[in-house]
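To keep things clear, I will list the structure first and then write my remarks on it.
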Amino acid sequence: MKAWIAYAICAVVWGSTYFAIALGITAFTPFGMVATRYLLGGAVAFGLSRMLGEDLPLRRDLPHLAFVGVLLLGCSNALVTWAERFVPSGVTAILCSMTPLLYGLMGREALGLRRWCGLGLGLLGVVVLSRPGQAAFPAGGIAAILMATTAWAYGTLHGKRHVRGHGLLGQVAVQMGAGGLLALVLVPFTGGFLHAPLTAKAALAVGYLTVFGSVVAFSAFAYLAKVWPPTRMSTYAYLNPLVAVLLGSAFLLEPFGPRVVAGMAVILAGVALVQFQPRTAPTEIA
């Protein structure tokens, strides 16, 4: 049950963060926002870890945790944040949903025909959700998102293979600290923290990203990465655009027509194929 709750958090919360990022970069620079979000989030995660009496991360895990944090947060998330200056948040979410396919290609799982069909079906549903006939977007923004998804997939697989210790929040704090520090180093060379006066809207967006998008959702993701195979876990990325569309129709009055319903149905069918685990018949003892 805990794994399914973590999965739902990744799907719902991270489905909403693309919109929050779009609001945040109206005032913050991309690296300024990443540094703020993850340094604060790392401090909160570490404080919670100490309050709950968790074990500290193992010393041998620290380099691997830092490497994962740099790839997932300092590189992948920073690239996505930068790309959203040029590519709409919905399109960004759709491109990021390629992550499950990358897990399948880069990982060492024996997926079988059913799960490969599920991955392909989920990606097809995301394509259906995308709007046909949209204007072309800058190649640099698209390339940044594709590099971000690759870094995210590789970093996650590296962590799953090499991090063995306990203390989830402490591990999350190290990863956020490493990613935030990399962004902080780059801030002076990329326009500082702000490129426009700070507004309440941008501040609230970064606050939401820090608490929910970082501490809550990333902790859920780190837990899920420990208990589920990478490809099964990563199908939350197919649900992120679906959540974004639902939120847009509910709060921004974006259209919700037959194409959206069809795309949602195809995505859910693909996720079901990946998630479904047929029960094996119990072995009878003579």
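Note that Cβ sites are derived from N, Cα and C of the backbone, with glycine treated the same way.
Automatic, uncurated: that is what TrEMBL annotation is.
With helix defined as DSSP H, G or I and strand as E or B, the domain 'EamA' (4-130) counts 102 helix, 1 strand, 24 coil. What TrEMBL records for 4-130 (among others) is domain 'EamA'.
What TrEMBL lists as transmembrane segment is 7-29 (among others). Residues 36, 80-81, 84-85, 88-90, 92-93, 187, 190-199, 201-206, 208-209, 212-213, 216-217, 220-221, 224, 228, 233, 236, 239-244, 247-248 of the same chain lie 6+ residues outside the transmembrane segment (7-29) yet bring a C-beta within less than 8 angstroms of a C-beta in it.
Look at TrEMBL and you will find 35-53 (among others) tagged as transmembrane segment.
The feature transmembrane segment is assigned by TrEMBL to 65-83 (among others).
Beyond its flanks by at least six residues, the transmembrane segment (89-106) meets 15, 18-19, 21-22, 80, 83, 115-116, 119, 122-123, 126-127, 129-130, 134, 137, 142, 145-146, 148-150, 152-154, 156-157, 230-231, 234-235, 237-238, 240-241, 244-245, 248, 274 of its own chain at Cβ-Cβ distances under 8 Å. Annotation source TrEMBL lists transmembrane segment at 89-106 (among others).
A Cβ distance under 8 Å defines the sequence-distant neighbours of the transmembrane segment (113-130), meaning residues of its chain 6+ beyond its ends; these are 90-91, 94, 97-98, 100-101, 104, 231-232, 235, 238, 241-242, 245, 259-260, 262-276. The transmembrane segment annotation in TrEMBL covers 113-130 (among others).
Among the features that TrEMBL reports, transmembrane segment is placed at 136-155 (among others).
The domain 'EamA' annotation in TrEMBL covers 141-274 (among others).
Taken from TrEMBL, the feature transmembrane segment covers 167-190 (among others). Counting residues 6+ beyond its ends, the transmembrane segment (167-190) has Cβ neighbours under 8 Å at 29-32, 34-35, 37-39, 41-43, 45-46, 48-49, 52, 54-57, 61-62, 65-70, 72-75, 77-78, 214-215, 218-219, 222-223, 226 in the same chain.
Counting only same-chain residues 6+ beyond the ends of the transmembrane segment (202-224), those with a CB under 8 A from a CB of the stretch are 2-3, 5-7, 9-10, 13-14, 16-17, 20-21, 23-28, 33, 36-38, 40-41, 44-45, 48, 159, 168-169, 171-172, 175-176, 233. Look at TrEMBL and you will find 202-224 (among others) tagged as transmembrane segment.
For 236-253 (among others), the entry in TrEMBL reads transmembrane segment.
Annotation source TrEMBL lists transmembrane segment at 259-276 (among others).
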Summary of DSSP states over the domain 'EamA' (141-274), given as helix, strand and coil counts: 110 helix, 1 strand, 23 coil
The transmembrane segment (236-253) touching the transmembrane segment (136-155) per 3+ Cβ pairs under 8 Å rule: no
Surrounding residues of the transmembrane segment (35-53) on its own chain - C-beta under 8 Å, 6+ positions past either end: 28, 73-74, 77, 167, 169-170, 172-177, 179-181, 183-184, 187, 193, 206, 209-211, 213-215, 218-219
Other parts of the chain folded back onto the transmembrane segment (65-83), taken as Cβ under 8 Å at six or more residues beyond its ends: 21, 24-25, 30-31, 33-34, 38, 57, 92, 96, 141-142, 144-145, 147-149, 151-152, 154-156, 158-159, 163, 171, 174-183, 186
Mean of the pLDDT scores, which run from 0 to 100, over the domain 'EamA' (141-274): 86
